[in-house]
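Below: the structure, in structure tokens.
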């Protein structure tokens, strides 16, 4: 069904994109065969197969004729050849000019030899006149109604009036009918207009069944007239219909079981039935098998039911024992006109079935409440007071202690969905309207309700799903507490189910669970379809579980519980999207679901010799018997279908007991050796049965991948488990790194990614602060996680945080500011409800049980009597209220003192209190929802801007596109509109007869002038009707009344209802030959004087006037309807050519002159006027101003076609807009190219600095390409200017180079200084030590020198290089000295000498420092390779 769901979006696009071109497309193949072909006019001329032949037989009949025709061909060929030769000789030229239609014309159409096209009679359209497209009047005593051969046309409306004698019974028999279910309808009225009583609304596929157990539908009209109106939309079309009618026909032709004879008591005909058949149409079996006389029963010939069974027998022909060992169907038929209805509800109290509400075609004899005695099988009389409640349908009923609770539903008179809760007291037959204390509820239609007693003793009514016009399809469970008189919306757990409209639900007392099946659901705003889902809702744990689906999609069906089995009957099963696959609107499918085994079974359909297909019916259970009442199958039904299931106690053996069903679940009681029902089984027997079913069950693993959330994946019976982001069967393992979840309890809670996409409307999406509506795709998406941060909560457009710290007002405010927030301003309902809810949760937690939270909020006292919030909005005392005797004068700051009562208190700001509420703006903007469709009361508001809404013109209602079928399930909407297309509100808005008669409720009143002028009025075939001024109120529906005074024939007015008068000149001409307008006057033209002549505009239809086009001299033509001018000058725009295209460089004043394109000097411009929008342009204007005052101005222009050229000049451009101030320069005609030069001396450019040249190009034809350029340049090189420019550039470059060189030098010097500084720092950081030096002098005695220096002098330093293979050896060198051993003045006596020495062959300890020196030496860093330290 994914493809079906996706196709619904395409279906909606096809509907909203319907155009006139689409409406003109013909349908599929037709079967009106014509053997006549071009070139052989004599053979088989006029040979056609009639429409009444079924399509499969027509090709066969044609083939038979062709096989039998060779002898006839041989006889006719010579005659044909002679006739052809004579025709060629006499009128060869005329034959050459005549054209024959490519395909034969049908339905009375004739081929026009001049055009080769079919000319259709009134009411037929199409290339072959094969589609109906107007009104027909049928007066024969019998005949047929058809839409034409082949498929009917898209977006079409056809109307047939069958006229007979007053109060004569007419029968319409639907031999074939196939239209798009729920969208394309054929309406049948018992009268001469749509204001007569509606008796049927046909839609879908209505084909006689091969089994013969269903009869062809038949409609009866008793007024002597019948009006049939057909409407199809733009989605897809089917084969249409073939309907026969007769005024002298017995019901259903006596069903083939009798003879139609004239009644002895009247002139009418009636059936004389064969033996064993009774009823008006001989369709009721009578005394089958002679009722088993004498053993089982006797035949009662006076009773329609026939058999009177003995006490031990029952069923048809008394063939089933008591208790029943097999199930069977029976049918009870009633003719009371107050009974037929659909979408009603029924409950059983004692032996009485109470039926409440429902939809009816006509409300003249409507009864809100009906009572049916199941024992006597008779309808009981009730007080008229039971009808004091407004008529509604699609509501719910629930019975509790002789009281019937009715909730919701759609009010038929207004089309609004209500949230009323009313109670019907059975004992006194009276209604009471309840006013609940808390109204947290949805107004829904198409829902269900059950009253259950919970394990905690509370008695509640549970309302399941439904459709709400404001919030879309509801997936919530609403709970009404009967004792507290309060509503609440439950927060359920388990699977995330999808709510819908028109589902069925039953309550099983044994499992204490609700079982919900099917429905019409929206899976996003643009995707909607029927469903086959089955959900289980545990009423005590509030847990949803997804059970095995039925594979049969349906809605508006019914279900009951019989001995552990849910029986499902009927419903609308149409689920086709782009073409028909045979799914019917009305079904008689009968299915059973075994609760213990989670298994579906298909049961035999009722074999009752009647059409029992239906939807919108009710079903109740009484004494193991199901009673199905009413419903809709194009007609509203009033019969009762009775299904008696087999009884468990009828089986005497264990094998037969366990084999009972399907349709019932029986259990064998070994103790008593009896077969008992599922309801009486013990817990052990139940577990045993479930274990047996578990071992035999077949799992549908393909269903696992349909679950997109962890909750639904783990809360179903398909044995699935969750792997991070997808659902897989249990026998499939998760990928590496993924976490497998098998139990619902282990799923992450409150993940918005799971539940946001279940919301189908913007309003329902906006209720959850974690979701956001995406208007482009019309879907609800989850906001990013932690959009507010940890500990913060998104509420609307704000982030809220509740703290529990005990602080005074200023400290609480400071805490909020530290988080970029303020104390909360609780000014919206969302904020208040969130804070109160969170406070209740926090207060109930164990950690906070001893702490009372009275949090600070952002409310302060500004002056003596004025309080305002932190966001400076005033306090209104509405969402939150002051507690009694508050606010006190002692406090200046607000606290939420009593959250349970929304009570505020003024507190002293310096007192520390528990808690505070902080608020900061969210970093996303919540998108505002548009006005819901249901609140748009005008067509313009409904259809403007988007395709999300649809406007129903006759109901004056706007509905969601995904809820059209749910809003009009019985064809109430006769025509709908979308995407800014709206019809007039009533008939008076149509100005022509043809448009008037397209509307089924309108007629045309022609005035005495007989020129086609008149007015469109609501009316019937007999004349105009006066519509009621009062809207329907309660159960009062005012009816239109015939009022011939609105179009009196005595005053020479003429009323037209079927066809328009022949003369249709819209009041602007008389007619010759009754239909040809003689001469259109009043500035009009056209075949019917329906348009204005060229140069004038207006709506001349029905006497309207034409007025001249107002184009300010820039156009002579305009749109004849709107008056928008077709401006002839390029650059001039506006409806009246009053503006210039400033955005495209055009300037000027078209009100006093024209518009010019501003040209730049020394540029070439090309204008290509080749688009369709350029068709009307014949002129274009340019303006150019010289840039240089000392140079001449050159120009050239060429074009692809001839044109006229005028060049003028003026002292300034502003003067150029005024006539008479431009001086002509050039005037040329019929040229393609022109060049010229304007001397700066001649035109004195120096004294006219604003001189402007105007170029007028005109009188060209579309399309054209124009090139134009103005330029100024010298004929010789200005050397002075060249050298000045050259040297200026050279010096500039030189200066730039010098500056760059200086900058480079500065950077180099700076880097050198930094490098030297680093070297000095590195040298300063080198290791150092002290050394003792003994300097010998000649005067010193040798004995003073220590022994350590007697050896060879040693170096003062040895600095090894990297690798220890080389070193720098440093020694002291004594320099030459003077006398006395003293160096010369200014010189040193010592010097340090260093040399690079090889130490690779030496021991590493050749030079060893003393241990003390080593300890005092600084640690040096490791040297780089090749670096000496």
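Cβ from N, Cα, C; glycine included.
Values in this document were obtained by computation on a predicted structure and should not be read as measured data.
Taken from Swiss-Prot, the feature disulfide bond covers 101-111, 105-118, 120-129, 250-260, 254-271, 273-282, 816-918, 1063-1071, 1065-1077, 1080-1089, 1092-1106, 1127-1137 (among others). Per Swiss-Prot, the feature domain 'EGF-like' maps to 101-129; the stated evidence is sequence analysis. What Swiss-Prot lists as domain 'CUB' is 132-248, and the listing cites sequence analysis. The annotation domain 'PSI 1' is assigned in Swiss-Prot to 703-748. The domain 'PSI 2' feature in Swiss-Prot is assigned to 755-794. Among the features that Swiss-Prot reports, domain 'C-type lectin' is placed at 795-919, with the record citing sequence analysis. Annotated domain 'PSI 3' per Swiss-Prot: 932-983, in sequence order. What Swiss-Prot records for 986-1061 is domain 'PSI 4'. As annotated by Swiss-Prot, domain 'Laminin EGF-like 1' applies to 1063-1108. According to Swiss-Prot, the domain 'Laminin EGF-like 2' annotation covers 1109-1157, on the basis of sequence analysis. The repeat 'Kelch 1' annotation in Swiss-Prot covers 352-402. Annotated repeat 'Kelch 3' per Swiss-Prot: 461-508, in sequence order. Residues or ranges marked as repeat 'Kelch 6' in Swiss-Prot: 625-671. Annotation source Swiss-Prot lists transmembrane segment at 1280-1300.
What Swiss-Prot annotates, mapped onto the structure for a quick look.
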residue : record         : Cβ contacts under 8 Å, 6 or more apart
105     : disulfide bond : 111, 118, 119, 120, 128, 129
250     : disulfide bond : 258, 260, 269, 270, 271, 281
273     : disulfide bond : 254, 257, 258, 279, 282, 286
1065    : disulfide bond : 1011, 1012, 1071, 1077, 1080, 1088, 1089
1092    : disulfide bond : 1083, 1084, 1085, 1098, 1100, 1106, 1120
CB contacts for residue 1071 (disulfide bond) [other CB atoms within 10 A, all chains]: 17
Non-local residues, at least 6 beyond the ends, that sit with Cβ under 8 Å of the transmembrane segment (1280-1300): none
Candidate disulfide-bonded residues 101, 816, 918, 1127, 1137, pick with smallest Cα gap to residue 1063 (disulfide bond): 101
Secondary structure content, the repeat 'Kelch 1' (352-402) (per DSSP, counts of residues): 4 helix, 21 strand, 26 coil
Among the ranges 132-248, 703-748, 795-919, 1063-1108, the one whose Cβ pairs under 8 Å to the domain 'PSI 3' (932-983) are most numerous: 132-248
Whole-number Å value for how far residue 1127 (disulfide bond) lies from residue 918 (disulfide bond) (Cα to Cα): 63
Helix, strand or coil at residue 1071 (disulfide bond) [DSSP, three-state]: strand
Helix, strand and coil totals (DSSP H, G, I; E, B; other) for the domain 'PSI 4' (986-1061): 12 helix, 21 strand, 43 coil
Minimum Cα separation from residue 816 (disulfide bond), reported as the residue among disulfide-bonded residues 101, 1127, 1137 that achieves it: 1137
Neighbour tally for residue 1080 (disulfide bond), based on other Cβ positions within 10 Å of its Cβ: 21
Inter-residue Cα distance where the pair is residue 101 (disulfide bond) and residue 1137 (disulfide bond), in Å: 46
Residue 1127 (disulfide bond) and residue 101 (disulfide bond), Cα-Cα, nearest whole angstrom: 42
Assigned conformation of residue 1063 (disulfide bond) - DSSP reduced to three states: coil
Per-region confidence, the domain 'PSI 4' (986-1061) (mean pLDDT, whole number): 89
Fewest Cβ neighbours within 10 Å, where candidates are the disulfide-bonded residues 101, 129, 254, 918: 101
Other C-beta atoms that fall within 10 angstroms of the C-beta of residue 1089 (disulfide bond): 24
